[in-house]
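Copied over from TrEMBL, here are the features:
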ACT_SITE  Glu183  active site
BINDING   His182, His186, His192  Zn(2+) binding site
DOMAIN    84-282  domain 'Peptidase M12A'
SIGNAL    1-18  signal peptide
Amino acid sequence: MDPALILGLLSMAVRSCASPVQNSPAVDGGQAGIKRQFAEQLLGLRDVTAMDKILETNSWRGGHARLPLREGDIAQLPGTGPRSAIACPGNSCLWPKAVDGFVYVPYRLSPEYVDMDRITIELGILDISSRTCVKFVPRTHEDDFLDIQPHSGCWSYLGRTGGAQTLSLQSPGCMWSGVVSHELMHALGFVHEQSRSDRNRYVTIKWENIVEGQEHNFKKYETNNLKTPYDYGSIMHYGRYAFSEDGDPTIVPKPDPRTPIGQRDGPSATDLHKINLLYNCGEQRLSSVSSFSGHSAQWSTIALDTQPLSTLIW
């Protein structure tokens, strides 16, 4: 059987098993859930995003949390604050490019994962590797690598930190390929879309609807956006109810509040393009990657060939 067909069947099987039930009790509960369900029915917005799933899973971390997380899933090294251009001179937080023009990111996958977990993780990896010059490769002897473990919650450090760099994908809570891609993009150096410096032109943060004490998760950073537009359909975007106190939206798009924000399938076309921008993937390198088109380009709200996008913390 054609390997591409096998891959496609596996992809559909995993996603059909992992797809969330819309407005499930795990996401929506009590009066807040009823209010959210009514609002989504009215607006026709019913999808749970990757970030919704991440926040749902991480809310059960409890006493198992060993690291402080900001924005729900970005781990910080002890004694450090958010990354900035000053803290990351010379792109030292990026993964290095090899002489052949590709960027190889070694990773180690925990033996604790079952086969279906491994397939889901590998699909999330493929969604990036098949359309960028960044290649995730099994570690052999490299000093710097991603150590993918089923710890408590879904989280990652931002960019390359050096050594064995933990990326947590709890099973089954984080076993969506879109969640995998989301955390991998953090490890490559990307922040959440609504954290970028120009976000107030494109979304309104409804501070009054945010859970008290969680306002810091909506901080806006001085990011390098490469003079490119905002991507509502990024896999890195919060859902509209992130950290909601009572089921009302915490993020409302401008100018049309009905614009979908966030999604769960995988990197948008512009997510993939901004990886290529950050890592300076030349046309020659891109012509050598797999022609597998993935499943999520339809989520992009920006035309890839005319309006590339990049949102970086440095």
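Yeah, the Cβs are placed from backbone N, Cα and C, and that goes for glycine too.
Rounded to a whole number, the distance between the Cα atoms of Glu183 (active site) and His192 (Zn(2+) binding site) is 10 Å. Among the binding-site residues His182, His186, His192, the residue whose Cβ has the fewest other Cβ atoms within 10 Å is His186. Around Glu183 (active site), a 10 Å sphere centred on its CB holds 26 further CB atoms from the protein chains shown.
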